[in-house]
């Protein structure tokens, strides 16, 4: 069989002529935008961007209307509006990333991630001292918050999805209200409830508790959503074999939702990793290692950033940017680890 | 609802081919089945008995006064149009009905003479003895094929001396052993729909139920897989009591000893008639049954 004579075709793809027209309309729009900026008082990147899209809406519609009529124009407009939104959002994300990387990378060196600040001050030249103490402190706080909030969040979600007791409405309401709590309030709560009323003073443990208050609602709501996705069939299959509800949940429902529950944890960590305000009341600031989570102030990356920016000198601000970059990298590494750990379970 | 899916997926459904399923051919099938079956039937305890069972979903009366005897070691098919309460009825037989919120029921279901709805009874023990296979194959996605079969031991906290023997026995009885024996450690999601359903049957068998309830077990399967499962049912019926809900009257004729016809006239579903399968398909007593099995409605 001479199968090689059959040509692969994509009749639905844009023809060269279509592409030329699209290119032409984009080119015309760019030129229009440049022209308008040149002859009017409007200035700046944002002006180019907005004018380009406006011009493109008009010019491309003129091209489309001949071929596809008003329906095609509306379709094209809808597509462009969504593209416009997507571009704006990604510009925001990428400019944050770019600012962090471009400014932070200048202050990065080996000492920055392997030393502490006991012998150095924020105002010393870059290269002296580092923020390892703050990296370890942040990791410790995240670990404490995970230890408390993941079991609490998942158990609450199980109550909401599996037990469905009388308090479902109330708990649902409280969880939603809690996820709107400003982070500074969480810190103040721990400060007012524990530090003012007990002999306990600021420590990593109390900071972890403050972060737990912020993390629990995120974990609960996400866990609830993924548990609701587990088909009722699976629960019934477990129960139909003479299992108790507890056994069905532990052996069937939770394993089936495993990767989603890991996602819930990741989202919770993302919520708290950069929190600064609650830590100021509960953990304080510290320039060296403190491996005791129950006693003494603790260095954390967000407070290093905060102090660096407050410092105001080029060196201290540089340290702040580099610390932000380190925080991004630390969180990224945690996510990748959690994802690869989660994907060991079967996908389908 | 699910029924529309079934119409498109199940090529042998009555309404797809009304001309092929004349009553005589259905009763022929049933008669042939009856001949072969009687030889193998043996008494196995006293079976399952429903007495005056009603069921409600909130205020909706879904099932009215159904009394049915399932003798041990027989296969009973429940047939009837969609919404006639067959599935609701089968779910009252192992107390799965109560998992749907705001439901209620009335009547008695006797297993070996004891009411399974008696206050204070251990429901998990009841479900252990009355297993269930669902309409859609539902293997546990987080477990391997082998773990799925043996999951009932963990779920119901049973002790078994030789798990490997039990594994092989259950998969063999479900007609799946030769296909999966080399990949017991693979995940169940990789099996075809028909294999998954037989895996679910093997899983239900592992806890050694006396009764197996099957709620349209073949409605999502192709004819080949359906045939395999029907063979499996025939094998199993030698040692256990089986109740099967089906929309496929050919299937009812092929696999069952008794057939019960359910119907709802807009109100709650009722059981219209029950009898030996070949009689239901050859000379039903009730006109409505005759209309249904001859394909005049439903």
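Glycine residues also receive a Cβ, built from the backbone N, Cα and C atoms like all the rest.
Residues or ranges marked as transmembrane segment by TrEMBL: A:21-40, A:46-65, A:77-101, A:131-161, A:173-196, A:202-220, A:249-273, A:320-338. Annotated domain 'ABC transmembrane type-1' per TrEMBL: A:135-338, in sequence order.
Count of Cβ pairs under 8 Å against the transmembrane segment (A:21-40): among A:46-65, A:131-161, A:320-338, the largest is for A:46-65.
Long-range contacts of the transmembrane segment (A:202-220) within its own chain (CB-CB distance under 8 A, at least 6 residues past either end) are made by residues 137, 140-150, 152-154, 156-157, 160, 175-176, 178-179, 181, 183, 186-187, 189-190, 194-195, 264-265, 267-269, 271-272, 275, 278-279, 281-284, 290, 292-298, 300. Within the chain, the transmembrane segment (A:131-161) has long-range Cβ neighbours (under 8 A, six or more residues past its boundaries) at 112-117, 167-168, 171-172, 175, 204-205, 207-209, 211-212, 215-221, 223-224, 227-228, 249, 254, 261, 264-265, 268-269, 272-273, 279, 283, 286-291, 293, 298-304, 319, 322-323, 326-327, 330, 334. Counted over residue pairs 6 or more apart, the CB atoms of the transmembrane segment (A:249-273) and the transmembrane segment (A:173-196) come under 8 Å in fewer than three pairs, which marks the two as apart.
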